[in-house]
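A.B. asks: Dropping a structure here in structure tokens format, bear with me for questions.
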Amino acid sequence: MEDSDSAAKQLGLAEAAAVAAAAAVAAAAAAAAGGEAEEPVLSRDEDSEEDADSEAERETPRVTAVAVMAAEPGHMDMGAEALPGPDEAAAAAAFAEVTTVTVANVGAAADNVFTTSVANAASISGHVLSGRTALQIGDSLNTEKATLIVVHTDGSIVETTGLKGPAAPLTPGPQSPPTPLAPGQEKGGTKYNWDPSVYDSELPVRCRNISGTLYKNRLGSGGRGRCIKQGENWYSPTEFEAMAGRASSKDWKRSIRYAGRPLQCLIQDGILNPHAASCTCAACCDDMTLSGPVRLFVPYKRRKKENELPTTPVKKDSPKNITLLPATAATTFTVTPSGQITTSGALTFDRASTVEATAVISESPAQGDVFAGATVQEASVQPPCRASHPEPHYPGYQDSCQIAPFPEAALPTSHPKIVLTSLPALAVPPPTPTKAAPPALVNGLELSEPRSWLYLEEMVNSLLNTAQQLKTLFEQAKHASTYREAATNQAKIHADAERKEQSCVNCGREAMSECTGCHKVNYCSTFCQRKDWKDHQHICGQSAAVTVQADEVHVAESVMEKVTV
């Protein structure tokens, strides 16, 4: 059995090589001779086969015939072998049918593009080319221009990704119409790879261990629209996930799955279109006889709040270091982004140093500015200019900063003044004539050597006067606080005494009224007044007269005393 299979394979390969040689020779002769008659080159000798191959290689449009056997898939192969005799060719023809696949080179040499056409694809048996079968080109074609040919059983050819089709077919022959693409291929914009059955009107869905069938035409907003059939009952998506034990999730788009993916994927690809919650269509109302407007669900994105900080980090201005060279001691001025100037170390000047100095500002990590043209002039010392500038230095700004005064021990007698002029980085400073600076002013007063001490002495005296005034005010406030406490205590004692005098004569409680006759006795109620009236009626008028007389005498004495004073 194996011998017969190998013999059949050899016969088939030989027949395929013969057909390929014949087709190549015919194409070469037609291209070379033009209108001349075709030469019969169907010889089966090896010499004619070599001549045909050499002529085919010299021609620009290379045409190669590929034989496809309708035998077992394992016997599909292409190659050139020794040609058999006429008897073997007849046996091969009786064994299987041969289909010719023509490959034409239609592009440039660097494109490596092939197009294919099937001349007799209907003769290929279905069990050999079931679905799609890839045929690889063997030694009969150039290895640099190898490609992949996909043959359908219905005769259509689908080119692989990246291949270019010709402007017009170069090889005559029957061209079968292309097969219509699946719905998934028509869409082309889906994020996931779906089976073509996803475009059916009914989809098998599952939530945990419960399965059902989703009807697309009955899909509503999720909470409404019973579109899932499970057994004989209809459920909405939320009811279906609740029945499966996922009611607490409240997210049916991710709880219910189709083909292993949640329904959210189908919605993102536009395969499912859920309705809005305010939709009043027939599906959402669970009444297919109604005809209301359909409002689709529109996904929304969360808006960013205005007060949210941007995700990109804000670049912080690094402080700039100013180094004065030459100098006897290394001193660095640090200019912060807010404009503050801080110094590290003591600033000293060498009397014998050169007049011209260079000030270099280094900024980290970016390239810093270069400050040049610092000149030491014969002028008086200036006070600080409000801790330099409110903003950091940048290239292109022309400004100046004046250094604060220092103690006289650290300064020469000439009181030099250092002025830093900002220049762009890597720029040559233009020569500018120096001008004598005006004398320094502090609060409108010229600051010189004797006047500076006078100014400081006046400041000290004013501070002492202010301290004395503050001490006096403090003593006055202290005495006032003492008097206030004494007055408060006296008023409290007086109030307690009055409270005791206004108690009821009968029972001792707090009095609410007094006797209208003498105004000296107080009562808490009319009951106490009636009870005490038996004793009080005898002394009510007498006590009043005596009291009044005593009062008059007392007043006269007080008046006499006042006159004497």
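Any Cβ shown, glycine's included, is placed from N, Cα and C.
Pulled from Swiss-Prot, these are the listed features:
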type	residues	note
BINDING	C504, C507, C524, C528	Zn(2+) 1 binding site
COMPBIAS	169-181	compositional bias 'Pro residues'
DOMAIN	193-273	domain 'SAND'
REGION	34-62	region 'Disordered'
REGION	162-190	region 'Disordered'
MOTIF	301-316	motif 'Nuclear localization signal'
ZN_FING	504-540	zinc finger
A.B. asks: Tally of helix, strand and coil residues over the domain 'SAND' (193-273) according to DSSP?
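C.D. replies: Per DSSP, the residues of the domain 'SAND' (193-273) fall into 24 helix, 22 strand, 35 coil.
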A.B. asks: What's the most sparsely packed of the binding-site residues C507, C528, counting other C-beta atoms within 10 A?
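C.D. replies: Each of the binding-site residues C507, C528 was scored by Cβ atoms within 10 Å; lowest is C507.
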A.B. asks: List, in sequence order, the same-chain residues at least six positions removed whose CB sits under 8 Å from that of C504 (Zn(2+) 1 binding site)?
C.D. replies: E510, A511, N522, Y523, C524, S525, C528
A.B. asks: Need the DSSP three-state call for C528 (Zn(2+) 1 binding site) to compare against my parser.
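C.D. replies: DSSP assigns C528 (Zn(2+) 1 binding site) to helix.
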A.B. asks: Excluding C504, C507, C524, C528, please set out which residues of the same chain place their CB within 8 Å of the center of the CB atoms of the Zn(2+) 1 site, keeping sequence order.
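C.D. replies: Counting only non-site residues, the set is S503, V505, N506, G508, R509, A511, Y523, S525, F527.
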A.B. asks: For C524 (Zn(2+) 1 binding site), what is the tally of other C-beta atoms lying within 10 angstroms of its C-beta?
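C.D. replies: By my count, 19.
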A.B. asks: Treating G and I as helix alongside H, and B as strand alongside E, what does DSSP give for the zinc finger (504-540) in helix, strand and coil?
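C.D. replies: Helix, strand, coil within the zinc finger (504-540): 12 helix, 5 strand, 20 coil.
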